[in-house]
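J.: Per TrEMBL, the feature region 'Disordered' maps to 1-25. Feature annotation from TrEMBL assigns domain 'Globin' to 27-162.
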Amino acid sequence: MGCAVSGPGLASKPSEDPNEEEASAATLTDHQIELIKESWKLIQEDIAKVGIIMFVRLFETHPECKDVFFLFRDVDDLQRLRTSKELRAHGLRVMSFIEKSVARIDQTERLVQLAMELGKSHYRYNAPPKYYGYVGTEFISAVQPILKEKWTPEVEEAWKVL
C-alpha cells in the first residue's frame, strides 16, 4: 500500500482506466451522509485501535494481502502485529484517508479525486482493486463493536456505499 511498510507484491495491477472506477461509484443519500458523519465522530475516538484491528483481521481473513507489505509478508504470528509500530502507522494512514473521505463526503468530485489518488499510489505496489473491498469489509467489522447500539443496518449500508 502507499507507504514504507508496503512493497512490490505478487498481485496484478489495477485498471488504469479512471472512468471504470468512477462509473462504479455509488451515490450516497443525504441521510447516509449524515449517518456516516455521526458514526465517524464515535469511530475517531478509537482511530488507532480501529486501524490495527482492521489490518490484523485483513491478514487473518485474506493472508494473500500480506504479500503487498514487505515488512509483514513473512509474519506468521498475527497477534504480534497488534503491537507493531509499522502496522499502527499504516493503520493510522488508512484511517486518515477515511477521515479525509468523510470530510469531503458532500463534495463528490473531490471524493472521487481522493480515491483516484489512493489508487495511483497503490498501483506501484501491485495492490489489486479487490483488496480495497477487503479493507472496507474489515473496517466495518472493526467499527461495529465500537458503535455498539448505534450500529444499524442503515449505518452499515452507508459505510458500504462510501
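Any Cβ shown, glycine's included, is placed from N, Cα and C.
Whatever TrEMBL says is automated annotation, not expert-curated.
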J.: Taking helix as H, G and I and strand as E and B in DSSP, count the residues of the domain 'Globin' (27-162) in helix, strand and coil.
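T.: The domain 'Globin' (27-162) comes out at 108 helix, 0 strand, 28 coil.
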J.: The domain 'Globin' (27-162): mean pLDDT?
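T.: Per the prediction, mean pLDDT sits at 91 for the domain 'Globin' (27-162).
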